[in-house]
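Marked as transmembrane segment by Swiss-Prot: 31-51, 54-74, 98-118, 121-141, 147-167, 173-193, 220-240, 245-265, 273-293.
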């Protein structure tokens, strides 16, 4: 086999390389952010033009994708030690780390001004706060403290508030209720992840909640935060953001998830936590469908 043939076989194919660049943005997470941002717009009082709405949602996704790319850059050595992440583009060597760094810096420099023009300055500022909190605070904090759980929930809860402020131009009770709902939802969701991936996180040297506080304490916190999620989801009703159908749906979902969380306090092993994690995804999906239908 000639050198040229070997190089041809090992050279990255354009479509595969493009796919890896997209993977840096963690597209499933970015897609969820687009949905929650659009949900904030849908629920907000007032109107925003279709073109401005599309630009706002897309620019929000770009900022989130950039934050994820920077996270991949900063955690590339950690990802290489973890089974779940070692095949990501950077630890696998398919993308140069400085490409991820460049995209992570250039993309928000382009998208945040667009948010300011398509929506308003407040929405752009919220995007910047989410980006900086995720990259400069949450990402390094995961290596030092389990309280990173609560810090990381802040940027994750900002997108629906951005959708709200893009329409209203201000932060009020409705926007804060949406922020509170997403903040509360993330706590049991990520506690479950820290539990069923505890060994992998320990392998990577990350001080996630279950790795630091142990399995029983994590299950207790999962039950507590799931119970607190119920009033957070129902808070939208007295504010006039949702009707009776949503209230019934939120109550049933919240009680069912709380019962399952409580049932896991005395259990052991990661299978239950994995099932609970999937349950939180179903919970949020059905909740947002009910929200959309209630308007």
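A Cβ is built for glycine as well, from the same backbone N, Cα and C atoms used for every other residue.
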Quick tally over 31-51, 54-74, 121-141 of CB pairs under 8 Å to the transmembrane segment (147-167) gives the top stretch as 31-51
Stretch contact, the transmembrane segment (31-51) with the transmembrane segment (173-193), Cβ-Cβ under 8 Å, 3+ pairs
yes
Using a Cβ-Cβ cut-off of under 8 Å, list the residues of the same chain that are 6+ residues beyond the ends of the transmembrane segment (121-141) and lie near it.
56, 59-60, 63-64, 66-67, 70-71, 74-75, 104, 108, 111-113, 115, 147-148, 151-152, 154-155, 158-159, 161-162, 165-166, 169-171
